Amino acid sequence: MEDEAALDRGASFLKHVCDEEEVEGHHTIYIGVHVPKSYRRRRRHKRKAGHREKKEKERVSENYSDKSDVENADESSSSILKPLISPAAERIRFILGEEDDSPAPPQLFTELDELLAVDGQEMEWKETARWIKFEEKVEQGGERWSKPHVATLSLHSLFELRTCMEKGSIMLDREAASLPQLVEMIVDHQIETGLLKPDLKDKVTYTLLRKHRHQTKKSNLRSLADIGKTVSSASRMFTSPENGSPAMTHRNLTSSSLNDISDKPEKDQLKNKFMKKLPRDAEASNVLVGEVDFLDSPFIAFVRLQQAVMLGALTEVPVPTRFLFILLGPKGKAKSYHEIGRAIATLMSDEVFHDIAYKAKDRQDLIAGIDEFLDEVIVLPPGEWDPAIRIEPPKSLPSSDKRKNMYSGGENVQMNGDTPHDGGHGGGGHADCEELQRTGRFCGGLIKDIKRKAPFFASDFYDALNIQALSAILFIYLATVTNAITFGGLLGDATDNMQGVLESFLGTAVSGAVFCLFAGQPLTILSSTGPVLVFERLLFNFSKDHNFDYLEFRLWIGLWSAFLCLILVATDASFLVQYFTRFTEEGFSSLISFIFIYDAFKKMIKLADYYPINSNFKVGYNTQFSCVCVPPNPVNISVSNDTTLAPEDLQTVSSADMYHNATFDWALLTKKECLKYEGKLVGNNCDFVPDITLMSFILFLGTYTSSMALKKFKTSRYFPTTARKLISDFAIILSILIFCVIDALVGVDTPKLIVPSEFKPTSPNRGWFVPPFGGNPWWVYLAAAIPALLVTILIFMDQQITAVIVNRKEHKLKKGAGYHLDLFWVAILMVVCSFMALPWYVAATVISIAHIDSLKMETETSAPGEQPKFLGVREQRVTGTLVFILTGLSVFMAPILKFIPMPVLYGVFLYMGVASLNGVQFMDRLKLLLMPLKHQPDFIYLRHVPLRRVHLFTFLQVLCLALLWILKSTVAAIIFPVMILALVAVRKGMDYLFSQHDLSFLDDVIPEKDKKKKEDEKKKKKKKGSLDSDSDDSDCPYSEKVPSIKIPMDIMEQQPFLSDSKPSDRERSPTFLERHTSC
């Protein structure tokens, strides 16, 4: 009774008998991706059940229902519409819900081989398709593989596959060392169970051991050798006179025409480049289907080996086989066998059925897996979709975790729809972050940070042993050097060279190297910021107006600020970071990105002003454009027509000699020399410099465009995967080198990078150490605490917001953060920089994001058609440390760095600003303002929040950003950090303007004091809640509640093409599925 299929409960509903044409058309119903199965249809008509129908219902009720009797026939017939979990789902929940310590099942490579005639003579197993994630077919020409595509299956083939599993041999956890041993085991099992006649054993064995021909690239000589082997084996093959099939003897088993039964892989397998697409622990699933003329009923077997075994040349790639599905059937149904083979191969590539196949205990577990797959598919009407069209793989695959969690006793998720919302959507609330939990003890957070990071300290060095780290070092180094030069120049102008470019280089090197070596998050890059520059300018002017010693006053402000930062560290004040929601993070990071973009264009416009373009120049009138140098007072100068001084002799001529004694030709002077000796430039072309501005803009935009294009080269169709990845990793360095070479070849004198060549203070009025006393009155030391409070807010906000952005959940950092440890080292370094009169440094948002982007890791092996999965970031201390060491050594590399044009580095700045805006939800919402409704992307928040509320949220964020920009551009920029803090208050005020439902999708819900208590209560309710019904209310108040239709496939009987070896004892009419699936 266990193997006997139940009767079809809906058989009597259909009175129409299908003809052969309709059955053939049934194959054109194709199945694609999953859709919601939660639709309830009401029955409008009631019909009195007949005698036969009542009898069938009573039988089903006895076998599958917990009720003792069935009183209402109509209620019984419509029970599939009740939102009760099906027996198949119950069984899968039991299978996947088992908690064990075994590792996750390995990746499967599935190969479909079909029994085909070679050159119209002998039969061989020929590979026709393969799967890892998506299907690849051998094109009809037989010379190439198709592009990976989503497998579209006929509904009919899935029903037939289910029947195969019901009627065929299921052999689980068997042991075999070779293919002949495995085949013999399968055939003997079929004979023992009465599914195969003993006299057919030799023929079936001979067929299953035929040679396997794989679709691999071979040389012409190898192809000729294969042809010779085929002819040789054909000469040894003979045909049985009874049925025309090859006869089988024990002598034939050792014939060279059979499959290579060696347990070692062949050379072609070892050379197959397709192995790069498979992980190292991958296993194989082989599907063998074909038609023979000596069988009257199908030969079906599904085998799972206890341990994966190498079965010679059975598989295209040298991976051990774990699963084997065999289907041999009578002649005339090759199309059906092919579709059934595709169906089981597609199921084996499905993540849920893949797990079920590894954990199944018996036949019913496998059938339940097929039923679960059927529950999750959609059917496309045959008249509205051409099944010949191959569906391209999606860029992002839907996670199978939803389906797995449903059956593994996890959270209550709604299948084929939206998952219950948990709030953050990747940016995350930080309330549940372990690093931000307040300990209540003195330096408790700092101690926990040290304990958390100490075990990873050694790995932080050897994890950098990858070529990707080299590209990150070069990229971030150039960005850091450019920023140090720019900031140092501005700081020198603001402080009368008390701090200049060299101090900027030295401070960057010392602070950055120490921070990356010992801080909690070494991926953070320290740099100077705009608010610090504004503060330095105001402080210098204040000291100058009140006759204070600027460097000593600044020293005491730095000491007080460092002291206040250490107090914040000791009191675990970093827990306040949890109030920095997506609204604050994206507002801050977007502002800094816009500043980078604005500054890049601002520098180029300034360069265009310095080297103006002569827009009135006409080629035909170039003789009218000139510029000559003339002496300031021709009367006092003796100009000789006979004797002149060459330009190289000018250094020996004093200014007095030029005015009184020298005979001199002023026309030979350069523009710089002419102005130096007080000459005059005369002509209509003196204010213009040819080609420099245009060439600079070409370098600027070319570097940016090239960097963007090469960074995306990883997803290009050109070159092998390794070459594309290498080009993508070194995209910025390659762009810089390309346009440096172009600049050198063209020869236009574009402005170049200028690095100090001497190691000494910029100003001769200062040294490398600032004495703490003697320059100012004693009360200044105490009064310095007031401006130090403002600096502390500035440092805390810049540092912690950048740290929050770096430690976002979507970066998948595994070694943890260290908010307290980071702030501790920033305070210590502030003391060092104050004593050495070096600039103060804090985390730089854009450069830190660029550092993370340059170290992102993706899966090395990905299935054809599958996008590489983001694994995380290469967390280590080497790249940052070497970047800052190289920055300090840049003084000695000035002869090399002077060949880099400044417009190229400005292009890198533009790239960093634009790249850091990628993936920011704020930018996505800005784009929505310009999109018609029908073209808007399917963002999760657009499903649940009205569009006008989304636009209102975006408008408020833009308004705050505009106010911050205006504030930054004025003298009031010194209170910029305080206004960043005000963003938290603005976000808190949004609670009165938006509902918590809307904010949970647009932003993160601000943590409340009792949030942990609520979460604990929610978990208790989940444990007490029943797992037996899909219609229970979700714990999430925002999930949609819709009824689910569960069709228990266990109660359907299907006999599409199989003949039962044990005829039924009673006569009955054909069932619904029999009439639809019989061939």
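Even glycines carry a Cβ here, placed using N, Cα and C.
Features as listed in Swiss-Prot:
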- 53-70: compositional bias 'Basic and acidic residues' (COMPBIAS)
- 1062-1079: compositional bias 'Basic and acidic residues' (COMPBIAS)
- 961-986: intramembrane segment (INTRAMEM)
- Tyr30: phosphotyrosine (MOD_RES)
- Ser61: phosphoserine (MOD_RES)
- Ser68: phosphoserine (MOD_RES)
- Ser223: phosphoserine (MOD_RES)
- Ser233: phosphoserine (MOD_RES)
- Ser245: phosphoserine (MOD_RES)
- Ser256: phosphoserine (MOD_RES)
- Ser257: phosphoserine (MOD_RES)
- Ser262: phosphoserine (MOD_RES)
- Ser1026: phosphoserine (MOD_RES)
- Ser1029: phosphoserine (MOD_RES)
- Ser1034: phosphoserine (MOD_RES)
- Ser1044: phosphoserine (MOD_RES)
- 1-62: region 'Required for interaction with AHCYL1' (REGION)
- 39-78: region 'Disordered' (REGION)
- 238-265: region 'Disordered' (REGION)
- 1012-1079: region 'Disordered' (REGION)
- 1-466: topological domain 'Cytoplasmic' (TOPO_DOM)
- 492-501: topological domain 'Extracellular' (TOPO_DOM)
- 543-550: topological domain 'Extracellular' (TOPO_DOM)
- 572-585: topological domain 'Cytoplasmic' (TOPO_DOM)
- 610-692: topological domain 'Extracellular' (TOPO_DOM)
- 711-725: topological domain 'Cytoplasmic' (TOPO_DOM)
- 746-779: topological domain 'Extracellular' (TOPO_DOM)
- 808-819: topological domain 'Cytoplasmic' (TOPO_DOM)
- 856-877: topological domain 'Cytoplasmic' (TOPO_DOM)
- 895-901: topological domain 'Extracellular' (TOPO_DOM)
- 919-960: topological domain 'Cytoplasmic' (TOPO_DOM)
- 987-1079: topological domain 'Cytoplasmic' (TOPO_DOM)
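Along the topological domain 'Cytoplasmic' (856-877), the predicted structure has mean pLDDT 77.
Among residues of the same chain six or more beyond the topological domain 'Cytoplasmic' (711-725), those with a C-beta under 8 A of the stretch's C-beta atoms are 276, 731-732, 867-868, 915. Residues in the topological domain 'Cytoplasmic' (919-960) partition by DSSP class (helix H, G, I; strand E, B; coil) as 30 helix, 0 strand, 12 coil. Within the chain, the topological domain 'Extracellular' (746-779) has long-range Cβ neighbours (under 8 A, six or more residues past its boundaries) at 481-482, 485, 492, 496-503, 505, 548-549, 551-556, 559, 607, 691-692, 695-696, 699, 834-837, 890-891, 893-894, 897-903, 905.
Under DSSP, residues within the topological domain 'Cytoplasmic' (572-585) fall into helix, strand and coil as 11 helix, 0 strand, 3 coil. Within its own chain, the topological domain 'Extracellular' (492-501) is flanked in space by residues 484-485, 533, 536-537, 540, 550-551, 755-756, 761-763, 765-766, 837-839, which lie at least six positions past its ends and keep a Cβ under 8 Å from the stretch.
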